Every structure is written in C-alpha cells, then in structure tokens.
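**Student:** Mind having a look at this structure? Questions to follow.
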Amino acid sequence: MGTITVRNLADDVKQKLRERAAARGVSMEEEARDILGKSVLSAGAAAAPEGETLYATIRSLVEPHGGFDIALPRRSQSAANRMTLSAKRILLIIGGGIAAYKSLDLIRRLRKRGASVRVVMTSAAQEFVTTLSAGALSADHVFTDLFDRNDEHDVGHIRLSRDADLLVVAPATADLMAKLANGHANDLASTVLLATDKKVLMAPAMNPRMWSHPATRRNRATMQKDGIAFVGPAKGEMAESNEAGEGRMAEPLEIVAAIEAMLDEKPKPLAGRRIIVTSGPTHEPIDPVRYIANRSSGKQGHAIAAALAKLGADVRLVSGPVNIADPAGVKTTHVETAVEMKDAVESLLPADAAVFVAAVADWRTANASGEKIKKVAGKGPPALQMVENPDILASIGHHAQRPGLVVGFAAETQDLIGNAEAKLRKKGADFIVANDVSHASGIGPSGVMGGDRNKVRIVSRTGVEEWPEMGKDEVAARLAALIAERLQATVV
Ligand code: C5P
C-alpha cells in the first residue's frame with residue numbers, strides 16, 4: 001500500500017481540506033479519510049457534491065502515487081446486501097427540511113434490504129424533493145393529500161397508517177414533532193401519525209436553536225413518554241452557512257440500523273439487563289474557549305451501545321463530545337469532562353454490566369481559567385498545571401456496587417498483551433479489549449481512532465482471544481454477543 005501525504009496535495013485541495021478539517025475539529029488526514037470513506041459508503045447514492053469533487057480530486061492526485069495509507073473503510077458487501085428487512089413494510093413520512101434529500105437515499109437502502117417503502121410527503125417536503133423522485137425510488141405512489149377523492153391511489157389515512165410495520169419520520173421537523181406531541185391532525189402526515197397502531201421512529205433535523213428550544217425539548221420528552229423512538233440528531237455543520245451544532249439528521253445508514261433494531265424479532269438475550277457504556281473523548285477545559293482533547297470519535301463505543309440495545313439491553317450511554325448521532329434505542333447522557341463522566345456513570349449504578357470504551361483524558365488542568373487566557377507580548381506561553389483525572393473504569397471495577405461484568409478497553413502501541421493483563425488486574429475488569437494502535441497493526445493510530453475498522457484481542461483471566469480485523473460494527477456485535485453469553489450464565 002502506498003502513501004498519501006497530505007503535504008504533497010495541490011495547494012487548493014490542501015486549503016479545502018484544511019478548512020473542512022478545522023470546521024470539524026479533526027486532522028486533515030482524518031478529514032480526507034472521512035471523505036474517502038463516505039464516498040465508498042454512498043457509492044451510487046447522492047453524496048454531497050463538494051465531498052465528491054474533493055474525493056475525485058484527492059483520488060486523481062493519489063492514484064498515480066500508488067494509493068494511500070489513510071485506511072479506507074472497506075464496505076462490508078455482505079452487511080449492505082443482507083435482506084435484513086425482508087417483507088417489512090415501512091411508511092416513510094418526509095417532512096419539509098433540507099435533509100429531505102437524504103430520505104431519498106434512505107428509501108433506496110431500505111428497499112435494498114428487502115423492505116417495501118410507501119412514502120407520505122408533507123407539502124413543505126415537496127419544496128425540497130419531488131414526489132417523482134420519491135415515487136421512482138419507492139416504486140409506489142407517493143401520498144400527499146388528506147382528502148384526495150380524485151386520486152385513484154387514495155387508500156385512506158387509516159389504512160395507510162395500519163398497513164405498515166413501522167412509521168418512520170425523516171426528516172422530522174420541529175413542526176411535525178409539535179403536531180404529534182400535541183395530537184394535531186390537520187394534514188395527511190400528522191393524521192397518519194395519530195391514527196397508527198404501529199411503532200414510530202423519528203429522525204429529527206432542524207436548526208440547532210430550534211432543536212434546543214424548550215418547546216422542542218418538551219415535545220420530544222412527551223413523545224418519548226408516549227413510546228416514540230428517536231434516532232439522532234447529530235452535531236455538525238448545518239446547510240445554512242455559519243450554523244453548526246446539534247440538529248443534523250442522522251445518516252441514512254444510522255436510520256436503517258435503528259429501523260432494523262425496531263423490527264428485529266429475534267430473541268433478546270439481554271432483555272431486562274441494564275448496561276452502562278462510556279464512549280468518545282473527554283474535553284478538559286483550559287479556559288472558556290480552549291480544551292485538551294483526543295482523537296476519539298465515539299464510533300466504537302456508540303456501536304457497542306447500539307449492539308447491546310439490539311440484544312434487548314437497557315443501555316445507558318455516557319458520551320463525551322462527539323459528532324455522531326446518539327444510537328437509537330439507547331438512553332444517552334452527554335458530558336464534557338472526565339469528572340462529569342464519572343459522576344454520570346456512578347449515578348447510573350447499579351447495573352448488570354459496564355463497558356468503558358471512552359478515551360478519558362488522563363489529566364486535566366489544575367484550575368481552568370474562568371477568563372480567556374490572553375497572549376501577552378514577551379510573557380511567553382502560560383504554564384499549564386495538570387492534575388490526574390479519576391480513573392472511571394478502576395473506580396467502578398472496585399466499587400461497592402460493582403456491576404457483575406466490567407469490560408475495559410486498552411489502546412496500546414507496545415506490549416499490547418502485557419499492558420492489557422496489567423490493566424485487567426489493576427482496574428478490576430473481567431475483560432480488556434486490547435487494540436494495537438501502533439503502525440505495525442496495519443490500521444495505525446489515526447485509523448483506529450476515528451476510523452471505521454478495528455483489530456482487537458480479548459484479554460481475560462483465562463487467556464487471550466485474537467479477533468481478525470473487522471468493522472467497528474462487527475467488533476461491537478461480537479462483543480455484545482460475548483457479554484450476553486457471560487451474563488446468561490448469571491441468574492437475573
Ligand atoms: O489506562 P488506560 O487509559 O489505557 O485505560 C483504558 C481503559 O480505562 C478504557 O476502558 C477507558 O475507558 C478506561 N479509563 C477510564 N477513566 C480514565 C482512564 C481510562 O475509565 N480516567
């Protein structure tokens with residue numbers, strides 16, 4: 001495998017990469033890898049044009065040099081093509097938001113997995129995508145009007161809502177959420193939602209201020225109490241320029257995973273089990289605008305939380321700041337610092353198991369400044385005094401209310417097994433999932449941290465089990481199965 005050195009890219013490509021990387025707070029390599037990864041995942045689908053152009057540019061620059069060492073997430077053909085939704089009937093309600101274009105991709109992905117998709121579009125949705133596109137992709141009539149006596153396809157809102165196995169609202173706008181939370185039924189979408197006797201999944205998408213508005217929060221809480229499931233939204237850049245925050249619709253594949261989980265009828269070996277998972281990095285403040293962080297994306301921890309939920313566990317995820325959506329079917333608490341993460345984890349005890357995936361900062365500044373530290377000419381940089389953070393895994397591993405099963409992670413660049421075995425004992429864990437983040441592993445530190453693949457060894461008191469390199473979702477599924485197996489040996 002050759003090498004792409006970002007340094008060798010053309011200046012205009014580098015500049016574009018730099019801007020995008022800075023906006024997301026990631027390295028340029030990571031940004032390039034993400035663009036390449038997304039292009040692979042969305043091959044054949046409508047990817048963001050800017051991303052595609054950039055991808056093409058990077059690719060054309062890279063190929064003559066013989067490839068790249070930025071690990072390209074390999075698409076799991078088998079996972080993408082499995083008929084996981086065979087014969088399932090989805091009623092997709094498309095609300096009026098810029099994210100509506102992603103719902104077209106969602107239709108395609110659902111049908112590829114064997115589902116039939118019927119589409120209802122609000123009138124606002126039709127400002128963003130056409131009924132023609134939705135109809136072509138779903139191979140069905142698209143329903144838009146509550147009363148359409150001229151429509152030969154008019155099946156009536158009751159039948160429309162009952163004929164489906166699941167109702168999915170994507171994008172779920174603030175307006176659609178408000179309507180359902182308050183029982184309004186003044187158009188086809190809201191009427192169908194109110195008339196249904198089936199499960200409902202919402203994928204909200206809106207401006208971050210609208211999402212954080214007390215009214216929207218209230219509506220969400222009401223709907224959650226009513227049993228409506230949510231996937232996302234994620235943090236990130238908005239379509240409007242200079243707008244960023246929480247409000248981006250979950251990606252189509254995340255919505256598909258949430259749908260699969262909701263329609264999964266397989267036996268749930270973890271039903272009735274409460275499992276705590278930590279994920280992502282922590283941010284340790286230096287002053288109100290600066291912090292110490294690391295490259296953890298939260299992908300592995302979130303995937304584990306989702307995989308455990310799929311097996312029926314009541315999963316409580318404690319997540320540091322990440323740019324990915326909360327996993328569906330998981331109750332997520334968001335924290336910033338290691339101390340907040342420890343408090344959140346302790347407040348969730350007792351639990352049957354706990355999985356500590358978060359890349360917790362080992363140190364924090366002794367006393368973060370309340371004011372922005374000014375650069376003073378001639379004074380030099382400030383001396384940051386650091387103190388050690390609490391070790392959450394170790395404190396729970398030795399806690400009076402220690403969960404029956406405690407799993408830790410260890411990212412090492414040397415003596416992987418020796419270090420993992422030492423951690424197992426010192427931190428009171430039952431398993432340590434050890435990943436080699438050295439370059440020798442073939443994935444490399446920037447590949448594991450933030451990438452989509454992982455190669456792990458499971459270190460326990462009884463020995464070491466080596467797993468082949470696989471996607472983080474597969475690692476998550478296997479680990480969830482292992483946890484289920486271990487807990488099944490324990491009486492509930
Ligand atoms: O010692 P090290 O940081 O390598 O240990 C990694 C494991 O310990 C991970 O499971 C991580 O989530 C956990 N950890 C923790 N709190 C810390 C440091 C690490 O829970 N302060």
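All residue numbers here begin at 1 and follow the chain in the order shown.
Placement of Cβ uses the backbone N, Cα and C atoms for every residue, glycine included.
TrEMBL does not curate its annotations; it predicts them automatically.
Residues or ranges marked as CTP binding site in TrEMBL: Asp362, Lys372, Pro390, Asp391, Ile392, Leu393, Phe409, Lys423, Lys427. Taken from TrEMBL, the feature domain 'Antitoxin FitA-like ribbon-helix-helix' covers 3-38. The domain 'Flavoprotein' annotation in TrEMBL covers 88-260. For 270-485, the entry in TrEMBL reads domain 'DNA/pantothenate metabolism flavoprotein C-terminal'. Annotation comment: TrEMBL describes 1-274 as region 'Phosphopantothenoylcysteine decarboxylase'. As annotated by TrEMBL, region 'Phosphopantothenate--cysteine ligase' applies to 275-492.
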**Student:** Return the count of C-beta atoms lying within 10 angstroms of the C-beta of Lys427 (CTP binding site), excluding that atom itself.
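**Tutor:** Around Lys427 (CTP binding site), other Cβ atoms within 10 Å: 20.
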**Student:** Hey, what's the Cβ neighbour count for Asp362 (CTP binding site) at 10 Å?
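**Tutor:** Its Cβ has 14 other Cβ atoms within 10 Å.
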**Student:** Which whole number of Å gives the largest C-alpha distance between any two of Asp362, Lys372, Pro390, Asp391, Ile392, Leu393, Phe409, Lys423, Lys427, the residues noted as binding CTP?
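**Tutor:** Pairwise Cα check on Asp362, Lys372, Pro390, Asp391, Ile392, Leu393, Phe409, Lys423, Lys427 gives a maximum of 37 Å.
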**Student:** Fewest other CB within 10 angstroms, which one of the binding-site residues Pro390, Ile392, Phe409?
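**Tutor:** So among Pro390, Ile392, Phe409, the binding-site residues given, the one with the fewest Cβ atoms within 10 Å is Pro390.
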**Student:** Calculate the per-residue pLDDT averaged over the domain 'DNA/pantothenate metabolism flavoprotein C-terminal' (270-485) and state the result as an integer.
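**Tutor:** Across the residues of the domain 'DNA/pantothenate metabolism flavoprotein C-terminal' (270-485) the model's pLDDT averages 92 on the 0 to 100 scale.
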